[in-house]
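J.: There's a structure below that I have some questions on.
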Amino acid sequence: MKIAHLALATLVGTVCATAAQAADPVAPAASAANWGVGIGAGLACGLAAIGAGFGIGRIGGSAVESIARQPEMAGRIFINMLLTAAFVEGVALFAVVAGFLNFGK
């Protein structure tokens with residue numbers, strides 16, 4: 001399981017860094033001096049994806065456990081789960097956008 005998470009983080013970070021690097025048409029000599037910015041943008045995207053994945057996994061697991069304990073509250077639990085998952089995804093999206101904006105500097 002940890003290997004799958006590490007592989008996903010590496011893939012997401014690489015894709016985000018590649019997309020950010022392709023979006024910035026800077027001369028190769030200038031981009032070689034700022035190689036750390038691309039790594040930082042990739043790490044920001046990857047860590048945001050990992051954090052959101054763990055958060056939504058915990059939310060879903062807790063919601064299923066709560067519904068199993070109190071089936072009569074399934075509707076309210078489901079709505080609260082969706083709202084919380086949306087907030088977690090919003091924070092992750094904000095972190096990805098911040099990583100891309102950081103790459104532009």
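The count begins at 1 with the first shown residue.
Backbone N, Cα and C atoms are what each Cβ position is placed from, and that goes for glycine too.
Heads up, TrEMBL stuff is auto-annotated, nobody curated it.
Below are the features I grabbed from TrEMBL:
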- 39-101: domain 'V-ATPase proteolipid subunit C-like' (DOMAIN)
- 1-22: signal peptide (SIGNAL)
- GLU89: site 'Reversibly protonated during proton transport' (SITE)
- 32-56: transmembrane segment (TRANSMEM)
- 77-101: transmembrane segment (TRANSMEM)
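How buried are the listed features, and what sits near them?
T.: Helix, strand and coil counts under DSSP for the domain 'V-ATPase proteolipid subunit C-like' (39-101) come to 62 helix, 0 strand, 1 coil.
Here the Cβ of GLU89 (site 'Reversibly protonated during proton transport') has 13 other Cβ atoms within 10 Å, regardless of which shown protein chain they belong to.
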J.: I'd like to know the mean pLDDT over the domain 'V-ATPase proteolipid subunit C-like' (39-101).
T.: 91
